[in-house]
């Protein structure tokens, strides 16, 4: 049995320096050594007394294939000839206390289907990709100045087979991708696909960070799924959890009988609410494990982005009852983002962060954490609280709908209507809306209208597009039978039209991260709970006027100040009958009245629909947006541009 030498291990790099290809050393690799084909097993267990490899090939006898310690810092390795792909195995670890524990391989790229927990030998290097066109197109676009609509989903509960079993990665490619294309989503965001033992953890409590969960098939099957997404122009974002991991006996927890991947200090090690433990982000070997893992998913699975989970829990730790910043985590996140963007400058790194930590999406060289997007949790919480309030009382919390614009350009934001808000008794988005059946649908259409016209990229959890009535049930699939009901079909039609309008309307996304992209017309009409604003594109003539009415009242001849174009057309009204509304729409072309109003040089008079959003577009009567008197239209603005990145 041959042994890897210290040069192969790159000992100094793994233990003391940045080494982001640790998956090339550790794990189970099919190789030929001394003219014999077999598997090289390598693992880091710094406090193990002895190590061995066990599996069906030796009847799980830990006395047969003893590993050799090849570095003082605890790297163990062994080559076993004649072992083939798909062989299952674990590491048997004799602890310093004299106990023998059995662990899955932290670097395994494949694992048994739960409830079994062994690792599986698998050659991950053979998939032939067909997504060069996708890569070329992605590099031609600026992620910051493009439309972004993200469909968040849980792979196991989007849709199930008639017998209740799960679709495979390949079957989901056939089922999901046409649906996503039909709805014109630009990306899908999948809740964690790393190997995890408990279905109801939704993947957030992982045991195998390098192993795509075998619930849905092999690593090649997932590669095929991503390849097909790219073929149809869909980016793939994965939820990724570098902050904490589960305590299942076969996983990373107390890997060699002592805290190895987690902090030693119990005060900062444990997450009592989740029942997990925190990664020791101050330890070089752990950083190399995690950052190598991020690059592994990028290189082997061609992932387009990560949504980094629970960043707030990483940035702060509650030690001895006092909330303190975790400098290990701050340093780690900066190092992570630098490594990711060095690999792919067009990658999406999104922080799920509910804190007010500054400069989350600023580059590290400017003192930031280095992400390029952050979920706008403040917007989500304020807007949903406002929508859940009875309409007649909304005027008393008017500022919840305007406050977000005070900080909308402090970070690059994604507006999330995510899974977190439609589970654990929080109700579905539709059922959060107060009032009767009609009112609920009208207000959800209104919410979506405000969502798509507010600055920031968009994310919606599955089922929201057709008005899922029940909250998310993670052990079942979506209520697809709701399409049998008229109001849900109307909702679905409305959503598809709204997202199509968003994608073809540059003012709704081109300046998402610049103050020049948004201007209030009237932010202060709390008595009627009506908001009006302008969304602006790169060109002065690219402007849309948006009016939102958050009560059930209808208003005729309502004055709205507008940029001085000669005419406006209403291009979308959420109260249209084809969407299930009452039909209070503005069918005719709206002629501007040359009288200043709302700090604009002109105004129009429109019908304001109940619980409705109306989007107006200026009619460009001449090239260059000139009016009949020959002057050129300008949009009034008292703000300056501050783009990000």
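Heads up, the Cβ atoms here are built off N, Cα and C, so glycines get one too.
Feature annotations, reproduced from Swiss-Prot:
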ACT_SITE  309  active site, nucleophile
ACT_SITE  352  active site, proton donor
COMPBIAS  636-645  compositional bias 'Polar residues'
REGION    619-645  region 'Disordered'
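Cα separation, residue 309 (active site, nucleophile) to residue 352 (active site, proton donor), rounded: 5 Å. Sequence-distant neighbours of residue 352 (active site, proton donor) (same chain, 6+ residues apart, CB-CB distance under 8 A): 307, 308, 309, 310, 311, 375, 377. Under the three-state DSSP scheme, residue 309 (active site, nucleophile) falls in the coil class.
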